[in-house]
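A.B. asks: There's a structure below that I have some questions on.
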Amino acid sequence: MTKTYHIAVLPGDGIGPEVMAQASKVLDAVRQRFGLKISTSVYDVGGAAIDRHGSPLPAATVAGCEQADAILFGSVGGPKWEHLPPAEQPERGALLPLRKHFKLFSNLRPARLYQGLEDFCPLRSDIAARGFDILCVRELTGGIYFGQPKGREGQGMHERAFDTEVYHRFEIERIARIAFESARKRRSKVTSIDKANVLQSSILWREVVNGIAADYPDVALSHMYIDNATMQLIKDPSQFDVLLCSNLFGDILSDECAMITGSMGMLPSASLNEQGFGLYEPAGGSAPDIAGKNIANPIAQILSLTLLLRFSLGKDDAADAIERAINQALEQGYRTADLAGDGHAIGTHEMGDIIAKFVVEGV
């Protein structure tokens, strides 16, 4: 009997509803082609939820997500809500509580330079010509952002501020397994990023990662210091497959990976817990300046759906079909404004239609 899956859809603010509508088209195409039983429910989140319910994350939204197999998230925030106290603003009041509530400890950020988009890569042309396809696996719940003690004390010239980098063995083990399992489905290479020549937390990180690697003899492991990694990403990103990073180092490298692709409109993101439940979202923001103009690139949102199908639902064939459809659209010259340069640009809705069509046709 075919299992029925349920997705909680949270469009959010800005371009969120527009690009989410395109992901919904592609989901319909996947259902049609593969006979999948996937239902969806739409819930308010972010600024839209503040306007309707007085809270960026209403209880009904959380309850709906609890009943789902995964969350497909749009984007939140905008100048309309910047006057609110920081904790009540859409970004901090919605996304962070969702991550905490569902214990999402791992963040996966693919960064790929698609064929035909080399001119948008800021790297030297000979480097861009080699292409790259990187998955940045970042630990989300430990490290210096959450370690205690932290604070400020003293006055005048003796005032000081401090943060604490703390990692437990279990935190490193579980994120390392995510990286190695992901590498098995890719090119079987993991590069673990640390600062083991200086930091005790990085020494433990390296020891634990080496131990986990013994369970994956088919995956090649290398270690790289964070300062060298930032340089190597610019020098030759094609050398990397899966980057395994702590919270701080992953924050830095995932944004660097994003920048060298040439467009934030192409970058999805997945945040997972130990049960495989995930929140999937574009890596970019809500872009309120272009909302409602039919010019936003929906591919990041569509690729977020691809990650959802792959990691939470285990539907690799459907995920592969969407990725092939996106490749086909780009290879045939279809571009939204962020990728068109001086050439012809199509709209948000048109790009969604084309990708959905290619999914159904099975290109």
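Backbone N, Cα and C define each Cβ position, glycine as well.
Here the structure is a predicted model, which means the values were calculated and not measured.
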A.B. asks: According to Swiss-Prot, ARG99, ARG138, ASP227 bind substrate; so which of ARG109, ARG112, ARG130 is the extra one listed there?
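C.D. replies: Within the candidate list, Swiss-Prot flags ARG109.
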A.B. asks: Hey, does DSSP put ARG109 (substrate binding site) in a helix, a strand, or just coil?
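C.D. replies: SS state of ARG109 (substrate binding site) = strand.
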A.B. asks: Work out the three-state DSSP category of ASP251 (Mg(2+) binding site).
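C.D. replies: For ASP251 (Mg(2+) binding site) - judged by DSSP and reduced to three states - the answer is helix.
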A.B. asks: So which recorded positions are near ASP251 (Mg(2+) binding site), with CA atoms within 10 Å, out of GLY78, GLU82, PRO90, ARG99, LYS195, ALA291?
C.D. replies: none
A.B. asks: Including all protein chains shown, what's the count of other C-beta atoms within 10 A of the C-beta of ALA287 (NAD(+) binding site)?
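C.D. replies: That number is 24.
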A.B. asks: Between GLU82, ASP255, which of the binding-site residues has its C-beta surrounded by the fewest other C-beta atoms within 10 Å?
C.D. replies: GLU82
